[in-house]
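Record features (Swiss-Prot):
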| type | residues | note |
| --- | --- | --- |
| BINDING | Gly152, Pro153, Asp154, Gly155, Ile156, Gly157, Lys158, Thr159 | ATP binding site |
| DOMAIN | 1-94 | domain 'Pyrin' |
| DOMAIN | 146-465 | domain 'NACHT' |
| REPEAT | 743-763 | repeat 'LRR 1' |
| REPEAT | 772-793 | repeat 'LRR 2' |
| REPEAT | 800-820 | repeat 'LRR 3' |
| REPEAT | 829-850 | repeat 'LRR 4' |
| REPEAT | 857-877 | repeat 'LRR 5' |
| REPEAT | 886-907 | repeat 'LRR 6' |
Amino acid sequence: MAESFFSDFGLLWYLKELRKEEFWKFKELLKQPLEKFELKPIPWAELKKASKEDVAKLLDKHYPGKQAWEVTLNLFLQINRKDLWTKAQEEMRNKLNPYRKHMKETFQLIWEKETCLHVPEHFYKETMKNEYKELNDAYTAAARRHTVVLEGPDGIGKTTLLRKVMLDWAEGNLWKDRFTFVFFLNVCEMNGIAETSLLELLSRDWPESSEKIEDIFSQPERILFIMDGFEQLKFNLQLKADLSDDWRQRQPMPIILSSLLQKKMLPESSLLIALGKLAMQKHYFMLRHPKLIKLLGFSESEKKSYFSYFFGEKSKALKVFNFVRDNGPLFILCHNPFTCWLVCTCVKQRLERGEDLEINSQNTTYLYASFLTTVFKAGSQSFPPKVNRARLKSLCALAAEGIWTYTFVFSHGDLRRNGLSESEGVMWVGMRLLQRRGDCFAFMHLCIQEFCAAMFYLLKRPKDDPNPAIGSITQLVRASVVQPQTLLTQVGIFMFGISTEEIVSMLETSFGFPLSKDLKQEITQCLESLSQCEADREAIAFQELFIGLFETQEKEFVTKVMNFFEEVFIYIGNIEHLVIASFCLKHCQHLTTLRMCVENIFPDDSGCISDYNEKLVYWRELCSMFITNKNFQILDMENTSLDDPSLAILCKALAQPVCKLRKLIFTSVYFGHDSELFKAVLHNPHLKLLSLYGTSLSQSDIRHLCETLKHPMCKIEELILGKCDISSEVCEDIASVLACNSKLKHLSLVENPLRDEGMTLLCEALKHSHCALERLMLMYCCLTSVSCDSISEVLLCSKSLSLLDLGSNALEDNGVASLCAALKHPGCSIRELWLMGCFLTSDSCKDIAAVLICNGKLKTLKLGHNEIGDTGVRQLCAALQHPHCKLECLGLQTCPITRACCDDIAAALIACKTLRSLNLDWIALDADAVVVLCEALSHPDCALQMLGLHKSGFDEETQKILMSVEEKIPHLTISHGPWIDEEYKIRGVLL
């Protein structure tokens, strides 16, 4: 093949591109020995006066076929004409590419046999022209993008587009000058491959007549990998785990895929990947700088054109289109090309049978049930019900087995094992439920396989022999709503939908044989069981549970299930989520806590008033549950955006007298510029906690809030304003609240730049006789030692303040000395003092030790993250041994202490009768130091109950010593990070 190509190709065109001096130099090089090729030179007598035409003939004469080209290309480089070398290489590749021809034949067949367009190709190209342009532009040199992701839900056309671009490349109509080799990898076909190499994987489709496949890797920038089928991938891919750059080495399949996706293997190559909803969650984060192309489906005009092409006859197409358009939910579903095909197929067969133009479209389950009954009726009329039932059950068993085992292409053996003959397989192909895949079979679409898998549970009987590969109803419910999302999630959602009396009745009427009536009861029992186990209850994915409940459209069933749960977390990211959440939440009667994230709903930038008003309708419906549910107490919203109208609806509901809300938590919430929130706080007498952590507040917002808090009707006791961008300028407003609101007991201002100026204002209020604050959290507030004199005055004056958090402020030794002077005063009532990360040294410990001896009220002292060293710890331990010391908790985590002071710590553990908790976390103690501590812990006089220590950070022998002590002392717990959760909760970072 190579010889015929070179003889036809012709050198003359390239020689004519040489300038006079370049051509002369070219001839001079030809007269020299060609040692690299082990060829003799062409005699100078023949070359000297030879024209370009003559030289072309001489090259062909002396170096026949491919040799002439190898010599010519080598000489082009020597005369600095790399442009000609590059162009010739590219043309040679294009001509010498049997692989491209092989792919053209393969994908032409796939396009004709396996793609369900039912429309002219020019219509398809017109609907996808924007995506085509994006794909073409994505891989240009200017774009510098090597990874492109096609994103869209199932049925939107991702696979169809990938097949089309593969065919277009093979035909030379796309990326002609960009990619020499394009490989189409259907990753679900790799489920059965344990170990291979990339070279071996690609060799499966490599024509024997082509060049060595190894040669293609010399220019990886000319390679594109098209990857599809991630939804059906059986194994999980890991981020940066055991990646490899060796395309020759055999290794586990997940490593090869992970290495390609993360650009460890062939980093200069390009990727084109299709990801649906599930695969986006599992794999998108692994990609490096991907360009995202979203497939949006059909517009209204494209839907109309699709109907026209599908039905052919214009009057019939228009009649069906108008019918579907008048059916709102059904028309919305038809933006998805596959769903549109389902609808058209259902309607067409009904019309052909002379039936009414009717299709139930309450939800997706109804649509698939209608499709199944329509095609089943068309192909099974000549068989008795018993035979039809057996055949349908066998088909659904095949689908279920495939989903549970991640099998999507079925051999004749697979069919036989599930009770299907080859002729029955052909029958299902005729009904458009299966399709041919070479000598095997596959379902027409993954969604159809998922629906048929759900139908298996409606068709199976208790006496049937179990298939060990297919999970039970209980296992499917758990897989749907507890485990991470898999294909079983959608099967479970379909199972919810087909369990309803209405759908069971519809299916029985159409099929002509009875179906299980117990499915819904079994689902209910499974969910009740999950709700009663704390671990399962906390792991429930309410997003999926709500979708399943919504599919039933049975209010009584939804109410019964939702009454199993008192706490729900739900994410609302689009209008569909909002519709489903509003439907389910309004049927919750026992719900006490709702944790909710609302994104991409409000504000609405679409410009469509009707769509926006529709969102507000469903939002109002959702918020109504705060009024109707008498048990509701906690609303926790995080990472949420609300505009003024949506906030007004929420606040109106929360302000109703019948709303029993006790805690309102807004974490990182944007709520516009309306003060409705604060009015709701004022008018709800049950509300005791308000948290706005991470929510940016303007000075105006703070002033509105403070006016609310000063009102006699306000009942707020805990106020969390951490990380709210509060500066010293508004501290006067906050101070005015402290001075007059005797109900406020807890205030967190962590992570705000209050500075010393703001602290001075707060301290004046804290000294006020009406101030009843008990806990004040001021971590990361940009305070210095300057504030300590004012704080000291508060410690002397305040009779209510029991916990003061000054962590992560630069108080330094001199600042703490001022605090200690106040702490030693008998009138000081503080019980907990947090001084972590306050830039303290051992110099401060003398003053602190004196406090421990004389202040019997101080129970907790946290000094972690300070450079107090062994010297400082010794002073503290001496104080702990004093009989007047009543300290119960001491925090020293990450303090740079060594074995040298462990004897002092041990002595303190034995002598101090009140010390219950000691935190030594993140301290690099050696084995000898641990032995000393363990001996003290084992002493009968040691009263310690909690030791903060990172056990797994020690060697195996030391870990055994620590575990042995824990086992020997029942009241002792040794744990890592023992106070973190409690500290976060008190500060309001996590509630």
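Using N, Cα and C of the backbone, Cβ positions are placed for all residues, glycine too.
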Beyond the listed site residues Gly152, Pro153, Asp154, Gly155, Ile156, Gly157, Lys158, Thr159, identify every same-chain residue whose Cβ lies within 8 Å of the center of their Cβ atoms for the ATP site.
Ala274, Gly276, Leu295, Asn336, Pro337, Phe338
Summarise the model's confidence over the repeat 'LRR 5' (857-877) as a mean pLDDT value.
97
Provide the three-state DSSP residue tally for the repeat 'LRR 2' (772-793): helix first, then strand, then coil.
9 helix, 4 strand, 9 coil
Cβ atoms near Ile156 (ATP binding site) (within 10 Å, other residues, all chains):
23
Which residue counts does DSSP give the repeat 'LRR 3' (800-820) for helix, strand and coil?
9 helix, 4 strand, 8 coil
Using a 10 angstroms cut-off on Cβ to Cβ distances, just flag whichever of Gly152, Pro153, Gly155, Gly157 is the loneliest among these binding-site residues.
Pro153
Inside 10 Å of the Cβ of Lys158 (ATP binding site), count up the other Cβ atoms and send me the figure.
24
Tally Cβ pairs under 8 Å between the repeat 'LRR 1' (743-763) and each listed stretch (772-793, 800-820, 829-850, 857-877), then give the stretch with the top tally.
772-793
Mind giving me a neighbour count for Thr159 (ATP binding site)? Other Cβ atoms within 10 Å of its Cβ, every protein chain shown.
21
Near the Cβ of Asp154 (ATP binding site), how many other Cβ atoms are there if near means within 10 Å?
18
For the repeat 'LRR 4' (829-850), the DSSP helix/strand/coil residue counts are 9 helix, 4 strand, 9 coil
Across the repeat 'LRR 6' (886-907), DSSP yields 9 helix, 3 strand, 10 coil
Using DSSP, break the domain 'Pyrin' (1-94) down into helix, strand and coil residues and give each count.
68 helix, 2 strand, 24 coil
